[in-house]
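S.K.: In case it's useful when we look at the structure, here is the feature table from TrEMBL:
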type	residues	note
TRANSMEM	12-36	transmembrane segment
TRANSMEM	48-70	transmembrane segment
TRANSMEM	91-110	transmembrane segment
TRANSMEM	116-140	transmembrane segment
TRANSMEM	152-173	transmembrane segment
TRANSMEM	179-201	transmembrane segment
TRANSMEM	282-302	transmembrane segment
TRANSMEM	322-342	transmembrane segment
TRANSMEM	349-370	transmembrane segment
TRANSMEM	376-397	transmembrane segment
Amino acid sequence: MKNPATKGYRHQALAAVLGLAMGLSNLLGYLMVLLLTRSLGPADFGGYTALSTYGVLLAIPAGAFQIVVARRLSSGWADTGLRQTSGIGSAALLGVVFFAITTVLAPWLIEIFHVGSAWSAVFLAAMLPPMMLTGCFQGILLGRQRLRQLSILYLVTAVSRVLAAAVAATFAFSVRDVFAAMFLATLVSAATGAWLTRADLRSLPRSAHGLTGEMLRSNSTLAAYVALTNIDVLLARHFLDPHESGGYALASTFGRAMCWGTQFVALIIVPRMHGINPTRTLLRASLLVLTIGLCGTVLIAVDPGLFITLAGGAEFTEYGSLALICVVLGIAWALAQVWLFSEMSTDSGVLGALTWVVVGVQSATIWLWAHESPGQIVGVCLAGALLIAVAGLLRVLRGRRPPDGARPELLVLADGP
């Protein structure tokens with residue numbers, strides 16, 4: 001029998017490897033953005049980002065499949081009476097449905113987001129089925145605690161996208177061609193995931209009773225966070241002119257980079273929410289996120305124009321001040337991320353529900369009034385994010401603890417595919 005301490009150290013080491021892989025994947029994702037901004041220019045990059053963001057919102061169920069499949073395959077889930085499953089049957093069906101819907105909507109999507117070719121939306125739609133399946137493959141690997149293989153899958157996904165972006169930049173691809181290249185990258189990810197989980201795919205049922213309902217109940221908070229951090233790009237593309245929306249898209253990437261860079265904090269603190277002093281854990285995590293965010297703000301504030309020029313080229317220099325504001329927005333998003341992820345380890349959905357309300361109110365405010373400039377849009381989003389961050393802080397200061405019966409070992413969190 002293995003020494004429990006040795007087993008624990010090995011698990012911690014593998015978890016660290018997974019964390020490093022996720023961090024490297026995020027860095028590669030940022031590199032992909034840098035390649036595409038220089039290749040497409042502000043107007044086309046804005047269209048690409050808006051349509052991609054629409055895809056991110058539709059791909060929320062992929063993250064949900066990862067979480068639910070991993071839960072059902074975890075060692076502590078058997079006593080619930082729920083059946084283990086790979087989830088690929090439900091994922092494939094949902095992916096095909098989303099593909100059909102997006103393909104039908106393609107003519108309207110290119111009008112709303114000012115994208116030149118309907119084929120861009122069709123290629124995006126084609127990405128959705130493999131993305132859903134990849135979510136299941138990630139869930140299988142996570143549920144089986146095969147963290148080394150899961151790390152490989154994360155890296156393959158990131159590297160394939162960077163290679164697609166590099167090819168697009170080298171050959172001056174159009175937006176349509178970039179989406180075609182990204183579609184091929186998603187096929188590579190899905191094929192890799194299928195290979196890594198081939199034994200489980202043969203033995204596990206493709207679906208199970210109650211899977212859809214479980215996804216809806218368990219992942220509303222995750223969906224709210226994804227909507228909170230992405231809806232602004234869609235609204236900016238619709239209301240601003242193409243050049244401005246492209247500048248906004250790149251500037252907002254600085255804010256999202258703050259979330260990517262601090263996500264490891266949110267992931268680490270979740271299991272500790274079931275410890276002796278979860279309030280202290282959350283406050284320390286929040287202080288760390290705030291410290292990282294302030295350091296990033298000071299760095300960008302030295303010369304915002306320089307940093308956004310390095311990221312996208314001289315065409316984006318005028319959006320340096322907007323990038324700095326977006327970094328502040330990113331700090332608020334990152335703090336909200338800590339609060340929301342900690343809530344996902346409990347049966348509470350209060351902050352998640354508040355986030356949905358904030359998303360609705362800020363979207364309506366921008367749609368009806370505050371859409372004349374990038375500053376108005378980011379200002380409304382900053383107010384909403386700060387509201388969630390303050391609400392989360394107040395809940396923590398009240399000393400909220402996870403309710404009895406919560407299962408820390410069943411909570412798994414995932415990046416979007």
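From the backbone N, Cα and C atoms, a Cβ is placed for every residue, glycine too.
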S.K.: Any chance the transmembrane segment (12-36) and the transmembrane segment (152-173) are in contact, meaning at least three CB pairs closer than 8 A with a sequence separation of 6+?
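M.R.: Counting Cβ pairs under 8 Å (6 or more apart in sequence), the transmembrane segment (12-36) reaches the transmembrane segment (152-173), since there are 3 or more.
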S.K.: Going through 48-70, 152-173, 179-201 one by one, which has the most CB pairs that fall under 8 Å from the transmembrane segment (91-110)?
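M.R.: Maximum Cβ contact count belongs to 48-70.
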S.K.: State the non-local partners of the transmembrane segment (349-370) in its own chain: residues 6+ outside its ends, Cβ under 8 Å from one of its Cβ atoms.
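M.R.: Distal contacts: 220-221, 224-225, 227-228, 231-232, 235, 239, 336, 339-340, 343, 376-377, 379-381, 383-385, 387-388, 391-392, 395.
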S.K.: For the transmembrane segment (282-302), which stretch among 48-70, 116-140, 152-173, 179-201, 322-342 has the most Cβ pairs under 8 A?
M.R.: 322-342
S.K.: Sort out for me which stretch, of 48-70, 116-140, 152-173, 322-342, has the most Cβ pairs below 8 angstroms to the transmembrane segment (179-201).
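M.R.: Counting Cβ pairs under 8 Å, the winner is 116-140.
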S.K.: In terms of Cβ proximity under 8 Å, which residues at least six beyond the ends of the transmembrane segment (116-140) contact it?
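M.R.: Residues 47-48, 51-52, 54-55, 58-59, 61-70, 73, 86-88, 91-92, 94-96, 98-103, 105-107, 109-110, 150, 153-154, 157, 174-176, 179-180, 182-183, 186-187, 189-190, 193-194, 196-197, 200-201, 204, 412, 414, 417.
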